[in-house]
Amino acid sequence: MIICRTKRELKDALHKLRVQQPDRKVGFVPTMGFLHEGHASLIRQSVQECDTTVLSIFVNPLQFGPNEDFDRYPRDEQRDLALAQASGADFVFMPSVEEMYPSKMLTRVTVDVVTDRLCGASRPGHFDGVGAVVSKLFHIVQPQRAYFGMKDAQQVAVIQRMTMDLDFPIEIVPCPIVREPDGLALSSRNVYLSAEERTQAVVLSQSLAEAAALGGQVGITVSELQEQVRRKIGQSPIADIDYVELLAFPNLTPLDPNQSLADTEGELLLALAVKFGRTRLIDNRILRFAEVKAYV
């Protein structure tokens, strides 16, 4: 496994490989580090499907708001490198902020509509930062495939749309959510949770599972399903709900609150964001006529 800390190092190394094998398929897994089994699953899928796998580890300041957790976001370089190597990554790109942004970024990559709701509404500017850094990384790595976890389904939708609109010759591969045995979605931010908050946080996956079952009942409407999820989460005395929304996926357009779930078409995204203490967690479930898809 080769570690690159500058854009030039990585570009030169990948260029040499492509000269040797022009049809080499490169897979790319962009992360912010503090890796866990969810990230490892993305790396392993890329290794299985591609000739070369590039992992990036970069905590991107552009996607953090002024009162968010950029400074305290968990970092552990040696742990990350050990997991990357064990998972089969060929290259790890670990640039500094100065390497990625040698001067002030005057350019933003804004994807409208799909960023109007969910985290795009509650974290203004977040997805502009995501679009900027992912665009830069795509240009640096030039992969054929890029792997993203469905835990952040809105991010997947944003990157898919950006890739299509900007004609990146890259296939975006959404990958299943990886969960703890009790159902909590793996997240680097789980490390922030106290023991009590960790115990309470399992209500997120429980509420999604109950909603999936409830959605199969005749006559259940969009608003009724959302309210049921809110009630379930509200059983936790420390849960502070940011949003619970059921939207069309991947366009993330709102549904008629009075519409029966039986009358909906295509895939639906049931997404939620909830704070436990200082820690904001997201989770989701993809539904189709209230049938759970394979992303969960």
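Including glycine, each Cβ sits where the backbone N, Cα and C put it.
The active site, proton donor annotation in TrEMBL covers His39. According to TrEMBL, the ATP binding site annotation covers 32-39, 149-152, Val178, 186-189. The feature (R)-pantoate binding site is assigned by TrEMBL to Gln63, Gln155. The beta-alanine binding site feature in TrEMBL is assigned to Gln63.
Mapped onto this structure are the features recorded in TrEMBL.
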residue	record	contacts (Cβ under 8 Å, 6+ apart)
Met32	ATP binding site	Ile57, Phe58, Val59, Asn60, Tyr73, Ser188
Leu35	ATP binding site	Ile57, Arg79, Asp80, Leu83, Ala84, Ser188
Gly38	ATP binding site	Gly149, Lys151, Ile177, Val178, Ala185, Leu186, Ser187
His39	active site, proton donor	Val29, Thr31, Leu83, Ser87, Gly149
Gln63	(R)-pantoate binding site	Gly125, His126, Phe127, Asp128, Gly129, Val130, Val133
Gln155	(R)-pantoate binding site	Phe127, Val130, Phe148
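Least crowded of the binding-site residues (Met150, Val178), judged by neighbouring Cβ atoms within 10 Å of its own Cβ: Val178. Around the Cβ of Ser188 (ATP binding site), the number of neighbouring Cβ atoms within 10 Å comes to 19. In three-state terms derived from DSSP, the residue listed as 'active site, proton donor' belongs to a helical segment.
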